[in-house]
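Report on one structure; see the data block that follows.
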Amino acid sequence: MADLADHMLELMRRAGPPAGVQVNVSACPVPFLDANLYPPTGGEVDARFCASPIPPLMCCLPCPISDWVFSDSFNTQAPAANYISIAAFILNSVLLITFIVLPETKSHRHYLSIGLTISLMLLSIAFIIPLSTEPEFCYDAITPNNMHSDLSCAWSGALLLVGAMGTAVWVLLRSVWTALRIVFDFKHLEIYKWVSVPLGVGLPLLFLGLTLPLTGVSYRLYNVCIPNGPHAFATWFLWILIFAGAGGVVLVLTVLWCLWKYALSAFAGKAQVSGYTGGGTSQTTTQRGDQPGTPKSPGKASKRGTRVEWSRIQRVLALQWRTILLAFIVVNETIYFGLVFVEQTAAIEASSHGITAADLAWGVCLIETLGDKVACLPQSGGLGVSEARIVATLILASLLGPVVFFLMVRLSMLEGWWEIIRNPLGYFKKRRGSMSSQDFIMATSPRHISLNKPLGSDTPELKPVPRSPMRPKTVPEEEAQGLDSAVAAGHEHEYDSKTADAHNGLDFGLRDHDKHDEKDMSEDEVLV
């Protein structure tokens with residue numbers, strides 16, 4: 001460090017003062033400013049970009065530092081994130097209103113979707129606030145503002161903390177929900193809801209309460225305040241990366257499990273095909289003359305069970321692809337801008353604690369060119385973070401809202417809004433008797449989430465009408481009972497095609513307690 005200071009001092013002597021200015025070697029050269037002229041009375045003093053070539057002289061780069069480390073195009077490209085956030089807020093507001101106004105069969109509302117939507121709205125507001133307040137980045141010529149000296153910084157930073165952390169937590173909860181439904185066929189959905197809602201709301205508020213007092217937020221390289229100081233990584237950045245990473249790991253493991261089940265199903269199907277001989281003669285037990293219910297090898301029953309399980313998983317994947325894709329996108333983006341913010345904060349922290357070799361080369365360039373930042377941009381290196389990465393991170397963060405909206409929106413939502421626009425009085429009059437204030441998030445009675453419905457389509461369980469003892473069993477009933485006994489006891493139950501033809505056309509009696517249409521009823525009875 002001493003060698004660096006001596007080298008910088010020599011350059012200061014050679015550079016000399018600018019024309020018309022009388023200073024001695026104890027004064028800071030252009031464009032640096034003497035920190036002694038700006039006492040630490042406010043703002044984020046630790047975020048000053050300063051170095052001491054000659055103790056006790058402390059020379060600091062003028063605020064904001066982004067004007068020196070980035071090109072002029074940064075100030076025109078970065079605000080795109082603020083304007084995209086306006087569109088994101090509008091889209092997510094429409095989505096939230098849709099969840100509230102439209103019935104569940106049209107909106108597909110779900111508490112996991114509502115929590116994620118609200119978090120993204122808070123994140124969008126954090127980027128919108130600077131557009132309306134046009135905040136001052138700097139408390140004085142060398143000190144950036146923080147949450148104590150600028151109200152806009154306090155609000156944008158707090159909303160960024162809650163929105164980003166809430167997005168990561170709710171996506172993790174959605175990933176766990178998907179894994180429980182696909183891998184474990186989890187049925188206790190009410191229990192999971194009462195665990196998820198406190199976590200989804202409480203964790204972001206908890207980390208907000210920890211981050212603001214311990215680290216605070218301040219302006220760094222943009223007009224949205226972010227956590228700062230040496231404890232920022234431990235109190236916020238680390239945890240958002242953990243939650244986002246955990247959601248990604250759960251999703252990857254779920255997909256790998258599905259691929260494993262697919263491989264088992266394909267192997268079972270190949271083994272069944274190998275049981276046929278030439279001439280079209282099948283070697284199945286029924287064609288060998290065995291009667292239904294005759295004991296068979298446990299291996300065949302296991303293969304049948306594997307094929308049935310893969311069929312169920314296939315249906316779930318086909319109908320939950322939005323949830324899986326949404327989680328992958330949000331997880332990847334969260335990890336990306338989390339890492340960039342960590343790198344940016346670490347670079348500024350490191351630079352504020354002393355002169356590095358890269359800082360020296362850049363400072364020498366600024367002194368020799370009398371503050372020509374354009375000529376010195378190649379040496380600045382953006383303080384360890386490139387300008388393009390910062391702009392990309394800001395835009396990706398603001399694009400999360402529109403991406404989630406287009407993945408959550410469904411044709412049934414548009415149909416529901418069209419019904420309201422066409423006949424608003426008649427629509428709400430029809431719903432008045434059936435809709436209660438509890439329909440927003442919680443239902444008064446437990447509801448069953450069908451696997452053949454996308455996330456957010458909670459529908460009541462459909463129960464078959466008790467069958468009269470005189471009414472013959474229908475073919476699907478017989479097949480279901482035969483399949484259950486075959487998988488459970490290692491037996492196969494094969495049926496003659498004539499029996500199936502004889503019973504085709506017989507109806508199933510279903511009681512639909514919420515009066516869903518016939519299409520919803522037929523869909524709900526498919527999956528086991």
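For all residues, glycine too, the Cβ spot is worked out from N, Cα and C.
Positions annotated as compositional bias 'Basic and acidic residues' by TrEMBL: 490-501 (among others).
Among the features that TrEMBL reports, compositional bias 'Basic and acidic residues' is placed at 509-519 (among others).
Annotation source TrEMBL lists region 'Disordered' at 279-306 (among others).
The region 'Disordered' annotation in TrEMBL covers 452-528 (among others).
Within the chain carrying the transmembrane segment (80-102), a Cβ under 8 angstroms from the stretch's Cβ atoms is held by residues 109, 113-114, 117-118, 120-121, 123-128, 130-131, 223, 391, 394-395, 397-402, 404-405, 408-409, 413, 416-417, 420, 440, all 6 or more beyond its ends. The transmembrane segment feature in TrEMBL is assigned to 80-102 (among others).
Outside the transmembrane segment (114-133), and at least 6 residues removed from its termini, the chain residues within Cβ reach (under 8 Å) are 79, 81-86, 88-89, 92-93, 95-96, 99, 151-152, 155-157, 159-160, 162-164, 166-167, 169-171, 173-174, 196-197, 200-201, 204, 223-224, 330, 394, 397-398, 400-401, 404, 408, 440-441. As annotated by TrEMBL, transmembrane segment applies to 114-133 (among others).
Residues or ranges marked as transmembrane segment by TrEMBL: 153-173 (among others).
Annotation source TrEMBL lists transmembrane segment at 194-216 (among others).
Long-range Cβ contacts of the transmembrane segment (236-260) within its own chain (Cβ-Cβ under 8 Å, at least 6 residues beyond either end) map to 161, 164-165, 168-169, 171-172, 174-176, 178-179, 182-183, 203, 207, 210-211, 215, 227, 313, 317, 324, 327-328, 330-332, 334-335, 338-339, 341-342, 345. Taken from TrEMBL, the feature transmembrane segment applies to 236-260 (among others).
Per TrEMBL, transmembrane segment is recorded for 321-342 (among others).
Per TrEMBL, transmembrane segment is recorded for 390-409 (among others). Within the chain carrying the transmembrane segment (390-409), a Cβ under 8 angstroms from the stretch's Cβ atoms is held by residues 70, 74, 77-78, 80-82, 84-85, 87-89, 91-92, 94-95, 108, 113, 116-117, 120-121, 123-124, 127, 164, 167, 221-222, 322, 325-326, 329-330, 333, 336-337, 340-341, 344, 382, 456, all 6 or more beyond its ends.
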The answer for the transmembrane segment (321-342), taking Cβ pairs under 8 Å and residues 6+ beyond its ends, is 116, 164, 167-168, 171, 174-175, 178, 226, 233, 237, 240-241, 244-245, 247-248, 251, 254-255, 385, 389-390, 393-394, 396-397, 399-400, 403-404, 407-408, 454-455
